[in-house]
Amino acid sequence: PKPQTPVFATSIPGTPSPSAMAATQPSADVEGALLAHLNANGEIPDSRALASYQETPRLPHHREHGTAWRRPCLPRVVPPRPDEPCLLSCPQDITREAWVLTDEAKGYAAGGSREVHLVAAIPPEGASRAALKEEFGDVVFDIARKAAAKNKWIRFERGIVLRTVEDTTDEMQELLKRVENGEDEVQEQLKRLEKGKVVPDLIKELKRRKLVTKEKVIWYSLKKGPEFVVKRKTLATDVTREHLKR
């Protein structure tokens, strides 16, 4: 497939704006993007700011949960062999626990919550429970029905489900995107909920519906190495006749 340009997250404080980052990123190549950003800024204090949460190549960033998690490696900027230049100084691992989306929640973040889809499927004259269950399935209908009723988007009349609103705002989807982007404010609210403190109802819904889970998150702090260059150079390992001619 055609490579895509990495998307820069905007939620990490103390990092350049997306436009400034994009200006330093000449290609979709992960290593090239990282080295270009380092060349312009001198260091990357938090590699999450360069990590993509879309279907694009990932820059240094991974999560671990249990015994293993798919770990995108650091681009080969810390040389595996002594005959390559040292482009980066020793990357510093930064580790913390964070709340992340479950697989179910990732679907909602991408395509919208179940309750919004349910309301959108109800015509002006209403729809029977049986018809909606057939369309969504018993389990999905039950989850969507409860959430939509709690938001006062629907009402029930003699077995018919009726809409009470013309349009809906998918606040759950927006909140899930904020969790996905690692926003500090949402992380703090989830920590408060864990300690039994007062938080917004929508934050409570994340835990009640099991849309988030806690994982160990590892990212990196990167700086230029003593032989930093924007484009990697392959050093010769043997002296050949051609070398001597030159």
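Cβ atoms here come from the backbone N, Cα and C positions, even for glycine.
No curator has checked TrEMBL annotations; they are predicted automatically.
These features come from TrEMBL:
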- 165-196: coiled coil (COILED)
- 12-23: compositional bias 'Polar residues' (COMPBIAS)
- 113-167: domain 'PheRS DNA binding' (DOMAIN)
- 1-23: region 'Disordered' (REGION)
Restricted to the coiled coil (165-196), the mean pLDDT of the model is 92
DSSP composition of the domain 'PheRS DNA binding' (113-167), residue counts helix/strand/coil, works out to 29 helix, 10 strand, 16 coil
